[in-house]
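Participant: The structure is given below, and queries will be raised subsequently.
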Amino acid sequence: MSFVEYSECIQDSDVAIIYLGHNSVMPVKVQHGAQTQTRYGVIRHSSDLIGQRYGSKVTCSKGGWVYVLHPTPELWTVSLPHRTQILYTTDIATITMMLDLKPGSIVCESGTGSGSLSHAILRTIAPTGHLHTVEFHQQRADKAAEEFREHGVGHLVTVRNQDVCKDGFGVTGVADAVFLDIPSPWEAVGHAKAALKKHGGRLCSFSPCIEQVQRTAEALTDHGFEEINTLEVLLRVHDVRTVSLPLPDYGPDCSALEPDAMETPPPPSHASINIKTTTPPRELPGHTGYLIFATKPRT
């Protein structure tokens, strides 16, 4: 099992995603002889999971059923154990696109946090790229490194436990892109510039407060970065549903009907039609953070 390569069948020691409903998923470390409790009953790993195909429908002990899915960065984002506040798919998609990430890219990231963005980056840069991720908190760094190994992407990432604002990323002149998600990103801009390759490169910083954006933009300008811009991604999800609409009765169109058809009675006044439509949310999810992008000039 790997987050960057698809496997057909579930094996012992895999990480599988249990899909209980549209808004309810959970990760499970598959182990021979182990059991997992769900609201639909017990899932027995040896008989219900190991050897089954990913995507299978599994019946639990109470008669309810779940789907067992192959892990992906998107599913991991909505099911991972939170050690920090994480980035979600809406921001992640924008970041990976705007940083121009692709297979073979070298990326520096700080901080690692819960690894939500890290997994998306690794899937994008595989199989020949590499991620250098820095985490200030030692326990979080150790846990992230352990998860990367369990998820089959350990060979694509180097985890460092250090202060990026003081010690940098541990590499110089190799990165195609740098991502910052730290309280004081302006203090790491110099190290980010040093980590980027000599001929250009892209930088992104995520900050929840506009004051952080201002100071980071000033630091980027002072270090010679170009194309500095800031954006905020707001997602508006529409609910698709079936509604019943009454059909109005305008009476027969005498000018368009044949004489015999004019004797046909109009449809009853209570006639209706079922159609698919979408409705916007009553409340729009609010601000998550600002994304600051900049380009290192070619020298």
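Including glycine, each Cβ sits where the backbone N, Cα and C put it.
Under the heading S-adenosyl-L-methionine binding site, TrEMBL lists Ser114, Gly115, Ser116, Leu117, Glu135, Asp163, Asp181.
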Participant: Per the record, S-adenosyl-L-methionine is bound by Ser114, Gly115, Ser116, Leu117, Glu135, Asp163, Asp181: how many Å separate the farthest pair of Cα atoms?
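Facilitator: Across Ser114, Gly115, Ser116, Leu117, Glu135, Asp163, Asp181, the two farthest Cα atoms sit 20 Å apart.
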Participant: Does Asp163 (S-adenosyl-L-methionine binding site) have same-chain partners at least 6 apart in sequence with Cβ under 8 Å from its own Cβ, and which are they?
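Facilitator: Asp163 (S-adenosyl-L-methionine binding site) has long-range Cβ partners Phe136.
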Participant: Within 10 Å of the Cβ of Ser114 (S-adenosyl-L-methionine binding site), how many other Cβ atoms can you find? Include all protein chains, please.
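Facilitator: So the Cβ neighbour count for Ser114 (S-adenosyl-L-methionine binding site) comes to 22.
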Participant: Out of Glu135, Asp181, which of these binding-site residues shows the lowest number of other CB atoms within 10 Å of its CB?
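Facilitator: Comparing Cβ neighbour counts within 10 Å for the binding-site residues Glu135, Asp181 gives Asp181.
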Participant: Would you mind listing, in sequence order, the residues at least six apart from Gly115 (S-adenosyl-L-methionine binding site) in the same chain with a Cβ closer than 8 Å to its Cβ?
Facilitator: Trp76, Leu80, Ala144, Glu147, Phe148
Participant: Would you count the other C-beta atoms found within 10 angstroms of the C-beta of Leu117 (S-adenosyl-L-methionine binding site) for me?
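Facilitator: 26, counting other Cβ atoms within 10 Å of Leu117 (S-adenosyl-L-methionine binding site).
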Participant: Give the number of CB atoms, excluding that of Ser116 (S-adenosyl-L-methionine binding site) itself, located within 10 Å of its CB.
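Facilitator: Ser116 (S-adenosyl-L-methionine binding site) is surrounded by 23 other Cβ atoms within 10 Å.
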